[in-house]
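Here is the structure we will look at.
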Amino acid sequence: MFPYFIMLIFCGIPLFFMELSFGQFASQGCLGVWRISPMFKGVGYGMMVVSTYIGIYYNVVICIAFYYFFSSMTHVLPWAYCNNPWNTPDCAGVLDASNLTNGSRPAALPGNLSHLLNHSLQRTSPSEEYWRLYVLKLSDDIGKFGEVRLPLLGCLGVSWVVVFLCLIRGVKSSGKVVYFTATFPYVVLTILFVRGVTLEGAFTGIMYYLTPQWDKILEAKVWGDAASQIFYSLGCAWGGLITMASYNKFHNNCYRDSIIISITNCATSVYAGFVIFSILGFMANHLGVDVSRVADHGPGLAFVAYPEALTLLPISPLWSLLFFFMLILLGLGTQFCLLETLVTAIVDEVGNEWILQKKTYVTLGVAVAGFLLGIPLTSQAGIYWLLLMDNYAASFSLVVISCIMCMSIMYIYGHRNYFQDIQMMLGFPPPLFFQICWRFVSPAIIFFILVFTVIQYRPITYNHYQYPGWAVAIGFLMALSSVICIPLYALFQLCCTDGDTLLQRLKNATKPSRDWGPALLEHQTGRYAPTIPPSPEDGLEVQPLHPDKAQIPMVGSNGSSRLQDSRI
């Protein structure tokens, strides 16, 4: 929690505000905004690559949640007992001591659950076997794809259809849907929280959650995980924040929004921790073991440990339905943002009248491509690939992209120019704390985390499975594929830019393009104001300038280029 809150205050909130203000000022997606400095448009392409990777595997997580949701529509949860065809002799259910080893243990032997759990190498829970042997039919190697799990493939199709239907009219439809997908999980969380804290042993789980383990504070992985979680939960460097902010009204108070959303988001994460660990504490009490023995991470928590804990509750199918419905809604909220980011970037980049009118077809094309690319993740080796993408494709590349975005705006475009842009948009400059974080603190923190993460790097594992070297190499290539967009596009832009010398080309490639600025004519005041009024032949109305904004002096690196292209 300590690294988490440090990263929130000094990186999360400042970068969240930067991306919101960036997209809102230009009214462009993650590619169009780089008119601010065309040489760094590769940052936008890097954001698109990251969003593509996450969009592919994140919908697979949603499809598994759909599968568990449908499986919960029964009187007895299928992962509650060990009397199923897929269970092994090592299965030990927590509900019935006489059922502990699928009937293979003689009835005369004592059925002491605590004793059995102390020999955890011999025990596998029914929820774990249901997950590994029935849902996934997990292969023993990442290279052995085996068969495609048709039930998961069907659920993947359902999840993509739901995402497409909710985005069929762009932000107009998704905006309405999000009222439900963003608020109802709070209802479910509160129901589960009230149920959890009233269970015996819940206090033990909550204390385990809140008690600091100070020896972990010096591990770079903890700080790196905290940074990744902040970037992941807030959506920094995905391009989604820039995209959604581009639909805001120009004078919307995005500073207030960024503070409220960031704090609410992270408070929700902490609140969800109480919900999870109260149930895990109850389970640990029931089994007579330490909380650390039942706690898990990643898919193991969502689809093994927590479902097993739910089997111990009265009317367990009801709680299971609520839990997985909440996971589906949370996942869909994220998926809407990812898909809209890609669609908006494509539409903004092409920019012709046909694609603007046929945006629905672009959305359909992206959804179909995402479904097809997600099919390998529903195979028997799919979970290995999902975790590989999660660990490499969207981890440290996020912080690299954010760091370069921050540096390019503050030091290439110029911090004074950007602060003036924000003042023109909001009526006040960014607070001093954000100015300091943007210029010095956030990039420094990100840089040191990257350095120490490299120093303390450990290869990825899944339970006891060690990923082979070739798979780790693919993971690094996925991570680099988003970051490499930045230098590659910079070189391409240098080659295409006019100039007699390299220095002249560099200068021309980094200065704002002539169409950088507010999208609407009525907002183009100060140094963005046209010096030659549009004539009636142009078919444009002359908008009156806001008196407070008209006094901003014509300064900045793009002043001269703006004067040269004043006719719109």
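Keep in mind that glycine also has a Cβ here, set from the backbone N, Cα and C atoms.
The following features are taken from TrEMBL:
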TRANSMEM  6-26  transmembrane segment
TRANSMEM  47-70  transmembrane segment
DISULFID  CYS82-CYS91  disulfide bond
TRANSMEM  150-171  transmembrane segment
TRANSMEM  183-210  transmembrane segment
TRANSMEM  230-247  transmembrane segment
BINDING   SER233, ASN265, LEU330  Na(+) binding site
TRANSMEM  259-284  transmembrane segment
TRANSMEM  318-339  transmembrane segment
TRANSMEM  360-386  transmembrane segment
TRANSMEM  392-412  transmembrane segment
TRANSMEM  432-455  transmembrane segment
TRANSMEM  467-492  transmembrane segment
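For the pair CYS91 (disulfide bond) and LEU330 (Na(+) binding site), the Cα-Cα distance reads 32 Å. In the structure as shown, the Cβ atom of CYS91 (disulfide bond) sits within 10 Å of 25 other Cβ atoms. With a 10 A radius on its CB, LEU330 (Na(+) binding site) counts 21 other CB atoms from all the protein chains. For ASN265 (Na(+) binding site), the count of additional Cβ atoms within 10 Å of its Cβ stands at 16 [all protein chains shown]. Other residues of the same chain near the Na(+) site, with their Cβ within 8 Å of the Cβ centroid of SER233, ASN265, LEU330, are LEU234, THR268, SER269, THR334.
Looking only at the binding-site residues SER233, ASN265, LEU330, the one with its C-alpha closest to CYS82 (disulfide bond) is LEU330. Just so you know, of the recorded positions CYS82, SER233, the Cβ with the fewest other Cβ atoms around it within 10 Å is the one at SER233. Within the same chain, the transmembrane segment (6-26) stays apart from the transmembrane segment (150-171): fewer than three Cβ pairs sit under 8 Å, each pair at least 6 residues apart. Across 47-70, 230-247, 318-339, 360-386, 392-412, the stretch most heavily in contact with the transmembrane segment (432-455), judged by Cβ pairs under 8 Å, is 392-412.
The transmembrane segment (392-412) makes contact with the transmembrane segment (467-492): 3 or more of their CB pairs lie within 8 A, with pairs spaced 6 or more apart in sequence.
Between the transmembrane segment (150-171) and the listed ranges 183-210, 230-247, 318-339, 360-386, the one holding the most Cβ pairs under 8 Å is 360-386. Against the transmembrane segment (360-386), stretch 47-70 has more CB pairs under 8 A than any other of 47-70, 183-210, 230-247, 318-339.
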